């Protein structure tokens, strides 16, 4: 193996970390609602007359739901509702027709709104986003450790980065996830066990993170809905140079240096290979750095980057029809949010033939 790859492995920051997230058991509706002046704290979607004002919490960069100028509801996704005496948390039964085509986003989100701040995705905005979790039991209660991100491409398959899998037992794919601190959602999450056999690309190199791609096969099909839909795969010849794309995840945030609870979104330009090689050569990787053919570069703008905990998350680019295509998968980087230091993504177009052949061979 060339010596520069040994150097590279010492400085590369893997975009995969672990954190504990709450159990995904749904609220049974029996909890009492918190009182507030003139009513009760209630989810916005259940309250027709609650007040919703934008306020930016300086330290957390979270958009809060407020009653007038005072925070009266402890949960930032609730408002003070004057007629909520008999209301309880409930899930929406979706009777509207759902478009099942790939790459269809919900630009305004579904029900919840995080207004005036593009740091966070709207609820249900990117239906293909998947949280990969590891299940365990503590005090006889099921809990989850966050492993990394993934992208839904088929009712039975999630594509992600190979490097996030330290172990392959008790893994769960969580669909429809948005706020890691909330169990209640307007549309129900679907948690589906992942088969123990993670399908890693045969040429994956864990030292240099070459061909850093894997398929996670679900033990049962996920059910598509408004908030759960697949992304489109690119054609093998597709290029995304200079296109502005979107990456999402629950990794470290730029302003807080803490894990995101609400799904963050980062708008990132795709960088042409020649420019990317030049930028990396000006870093501590040095002038002899060679950019592997499996890597796509994006970012390089200060304060806009994916970071620890985002490994396996997708980079989605809109095509001419407005549908989103999976251009990249978060793989590695030298630092987070630094000017002129791009992030390294798996170039998905190079692996489309392998993805399709693998799925067809199994099914």
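The first residue you see is number 1, and the count goes up from there.
In case you wondered, yes, glycine gets a Cβ from its N, Cα and C as well.
Listed features, source Swiss-Prot:
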- 1-25: signal peptide (SIGNAL)
- 33-82: domain 'Clip' (DOMAIN)
- 36-80: disulfide bond (DISULFID)
- 41-73: disulfide bond (DISULFID)
- 47-81: disulfide bond (DISULFID)
- 49: N-linked glycosylation site (CARBOHYD)
- 83: N-linked glycosylation site (CARBOHYD)
- 114-360: domain 'Peptidase S1' (DOMAIN)
- 117: N-linked glycosylation site (CARBOHYD)
- 166: N-linked glycosylation site (CARBOHYD)
- 245-317: disulfide bond (DISULFID)
- 276-297: disulfide bond (DISULFID)
- 307-336: disulfide bond (DISULFID)
- 319: N-linked glycosylation site (CARBOHYD)
- 356: N-linked glycosylation site (CARBOHYD)
Around the C-beta of residue 319 (N-linked glycosylation site), how many further C-beta atoms are within 10 angstroms, looking at every protein chain?
14
Give me the CA-CA distance between residue 336 (disulfide bond) and residue 80 (disulfide bond), in Å, as a whole number.
38
Between residue 41 (disulfide bond) and residue 356 (N-linked glycosylation site), how far is it from one CA atom to the other, in Å?
48
Just to be sure I understand: of 36, 166, 319, which recorded positions have a C-alpha no more than 10 angstroms from the C-alpha of residue 81 (disulfide bond)?
36
Nonlocal residues around residue 245 (disulfide bond), in sequence order (Cβ under 8 Å, 6 or more apart):
267, 268, 269, 270, 298, 315, 316, 317, 318, 327, 328
What is the nearest of the recorded positions 36, 73, 307, 319 to residue 297 (disulfide bond), using the Cα of each?
307
Closest of 36, 73, 276, 307, 319 to residue 166 (N-linked glycosylation site), Cα positions, recorded positions only:
307
Just to verify: the residue among 166, 356 with the fewest other Cβ atoms within 10 Å, which of the glycosylation sites is it?
166
Hey, of the disulfide-bonded residues listed (307, 336), which one tops the CB count within 10 A?
307
Could you give the mean pLDDT over the domain 'Clip' (33-82), rounded to a whole number?
50
Nearest-integer angstrom distance between the alpha carbons (Cα) of residue 73 (disulfide bond) and residue 80 (disulfide bond):
7
DSSP state at residue 166 (N-linked glycosylation site), helix/strand/coil:
coil
Under 8 Å by Cβ from residue 276 (disulfide bond), counting only residues of that chain that are 6 or more apart:
291, 295, 297, 342
Tell me which of the recorded positions 36, 80, 307, 356 ends up closest to residue 319 (N-linked glycosylation site) in space, Cα to Cα.
356
